[in-house]
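Peer 1: What TrEMBL records for this protein is below:
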type: BINDING; residues: 12, 13, 14, 15, 16, 17, 114; note: ATP binding site
type: BINDING; residues: 16; note: Mg(2+) binding site
type: BINDING; residues: 34, 58, 80, 128; note: substrate binding site
Ligand code: S3P
């Protein structure tokens, strides 16, 4: 039985891409919470927000968190708001993918797919930082770490079972 690896972090920090790669190298099933919610609702995130509101979307995320907490062996890429939920560590080994906001801003195209990425995104980002830190087993700076190093770190912590050990890995080699 292997613990799930759970990626959290702000919109555009690279969770989905990293999760896809991790799933490939660890040969594990990938779950992207946004995609799963969209598939189940048969609606885009944007339409869920517009039709049912943010609170309803958060309820779906919370239910999904409880459901995924019962599973193992997954690589889970969480929507940026998962940090708001209680007890996300029940889902597995939680990795916070950090990127400074100025890089995120360049990466996220304002194509309307992310209803909360608007002119208040910087404020939301600042508010969320502490939540991501609080909820993570480790924090990894995606602007400073190569993927292979990142994967090795995940493997290391999983093997040693060092959950709940607060570690920040953001001073390793440049990309
Ligand atoms: C959100 C992030 C989005 C998506 C929704 C809300 C947030 O996911 O779940 O638009 O509250 O930060 P990504 O982080 O994958 O963009």
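Cβ coordinates come from backbone N, Cα and C, glycine included.
Structural setting of the listed features?
Peer 2: For residue 16 (ATP binding site), other Cβ atoms within 10 Å of its Cβ number 16. In the three-state DSSP assignment, the secondary structure recorded for residue 16 (ATP binding site) is helix.
Following the DSSP three-state reduction, the secondary structure of residue 58 (substrate binding site) is helix.
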Peer 1: Counting across all protein chains shown, how many other Cβ atoms sit within 10 Å of the Cβ of residue 14 (ATP binding site)?
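Peer 2: The answer is 23.
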Peer 1: If the ATP site is taken as the center of the Cβ atoms of 12, 13, 14, 15, 16, 17, 114, which further residues of that chain fall within 8 Å of it by their Cβ?
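Peer 2: Counting only non-site residues, the set is 9, 11, 18, 77, 97, 107.
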Peer 1: Out of 15, 58, 114, 128, which has the highest number of nearby Cβ atoms, where nearby means within 10 Å of its Cβ, if these are the binding-site residues?
Peer 2: 15
Peer 1: 17, 58, 114, 128: which of these binding-site residues put a Cβ within less than 6 Å of any ligand 1 atom?
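Peer 2: Cβ under 6 Å from ligand 1: 114.
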